[in-house]
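J.: There's a structure below that I have some questions on.
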Amino acid sequence: APGNKAECEREKGYCGFLKCSFPFVVSGKCSRFFFCCKNIW
């Protein structure tokens, strides 16, 4: 799972504050309060 913003974006994800919006799910971490969100489709 991604552990920072660069890794998250490389995996075509984005950093969401505390949660992710559908259809994205938490799939890692960007920083303390930001989670890496990835599309489930």
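Positions of Cβ are set from backbone N, Cα and C atoms, glycine also.
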J.: Looking at the disulfide bonds in Swiss-Prot, identify which of Cys20, Cys30 pairs up with Cys15.
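T.: Disulfide partner per Swiss-Prot record: Cys30.
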J.: If you check Swiss-Prot, which of Cys8, Cys20 bonds to Cys36 via a disulphide?
T.: Cys8
J.: Counting only residues 6+ apart in the same chain, whose Cβ is under 8 Å from the Cβ of Cys37 (disulfide bond)?
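T.: In sequence order, Cys8, Gly13, Tyr14, Cys15, Gly16, Cys20, Ser21, Phe24, Val25, Val26, Ser27 meet the Cβ cut-off.
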J.: Might you list, by sequence position, any residue in that chain lying six or more from Cys36 (disulfide bond) with a Cβ less than 8 Å away from its Cβ?
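T.: Long-range Cβ contacts: Ala1, Pro2, Glu7, Cys8, Glu11, Gly13, Tyr14, Cys15, Gly16, Val26, Ser27, Gly28, Lys29, Cys30.
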J.: Applying a 10 Å Cβ distance cut-off over all chains shown, what neighbour count does Cys20 (disulfide bond) have?
T.: 20
J.: Do you know which of the disulfide-bonded residues Cys8, Cys15, Cys30 has the most other C-beta atoms within 10 angstroms of its C-beta?
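T.: Of the disulfide-bonded residues Cys8, Cys15, Cys30, the most buried by Cβ count within 10 Å is Cys8.
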